[in-house]
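Peer 1: Just dropping this structure here.
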């Protein structure tokens, strides 16, 4: 990926009111995107958002910019990111735009684009939009200005799509499920999907007020969900993040089930049903227990760089259909084109129902290795700690001791002057000691 001024790996994101998340920038972004996308023929754009209060301001700015370029916008209202990808495909729109900062606090927001097929925009299109941003805004003739409209029952359309990914011969009758929607975009979607499939549903995190998205709820903070599952004696809990592209689950004992375990369950069930094509893709941070559990099943496993974009790229490279991050991004290309928390959760529920097993028991075939992460701050410009001979020597010694029953990963943060030291193995005390030993070597540089 070439150097970008605005676009990162997941669109454009920042604090509202600070560049680039300002009304004037977003208006120009809408215009620039409109100018580029208009070259492809269709002049229809789908715009969705999560529940942040700033979404109203930003969607108005986007719509004005698109209209000035001659493109019409159809609004979904609050809608999960994967729903916008789905609606973009079904409406044959030229692009879908999501206004969201995913799992971030309410004071952040962002803009990301989907192409006509529901995947992220190609690099060359993003680069063309950035080039257009350098030009002065012009307006098409009045007769060619874009219009704005609202999609009738966008939520209902997506609810039916989600239900369609659950096997027709199964139902959720008899299951008690707590669902936490993070006061985000799935608040009016996920509870209805589960209820219509037969589950008894207790919903939390379903009262968005514009400023409480992801606040002590959702996939990044499952404590409220764990407590409610235990209090209600529920069969399981499902936590989604603010824009619905992540899922973390909780079993009936209150234990957290992360993206690695979710992918293990889905991949194993796919193998049992004869529907698994190829292997599974994780990331550099995926637990070694996942890799070993899949190996025991004969399922190939590959690691991508951290980020759902890179997981998708690796899937496309391999021709495989399932990938995930331990943070809860689960990509099921047989079902969707992007990470979808509701759809991934439904596949786990299907495995529970089909096998008459609890979530706890479905996870029992995978032993999670203790994984210790230590962040070490370093002075930028003082040399690369990863190239230091002392650091290399300590790391090599730890790797030799762990052998094939553990793993060491050192990487730089992409946003701060930090070295992230990750060590995993079978013995937590040993792993912790090794992580701090390597961290001390990094600090000494």
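Indices start at 1 and increase along the chain as displayed.
Yeah, the Cβs are placed from backbone N, Cα and C, and that goes for glycine too.
Just lifted these from Swiss-Prot, have a look:
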{"type": "BINDING", "residues": "102, 241, 243, 245", "note": "Mg(2+) binding site"}
{"type": "MOD_RES", "residues": "102", "note": "phosphoserine"}
{"type": "ACT_SITE", "residues": "102", "note": "active site, phosphoserine intermediate"}
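Give me the local environment of each listed feature.
Peer 2: DSSP classifies residue 243 (Mg(2+) binding site) as coil under the three-state reduction. Neighbours of residue 243 (Mg(2+) binding site), defined as other CB atoms within 10 A of its CB across all chains, total 35.
In the three-state DSSP classification, residue 102 (Mg(2+) binding site) falls within coil. In the shown protein chains, 29 other C-beta atoms lie within 10 A of the C-beta of residue 102 (Mg(2+) binding site).
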Peer 1: Name them in sequence order: residues not among 102, 241, 243, 245 whose Cβ is within 8 Å of the mean position of the Cβ atoms defining the Mg(2+) site.
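Peer 2: Nearby residues not in the site list: 50, 80, 81, 100, 103, 184, 185, 219, 240, 242, 244, 246, 339, 341.
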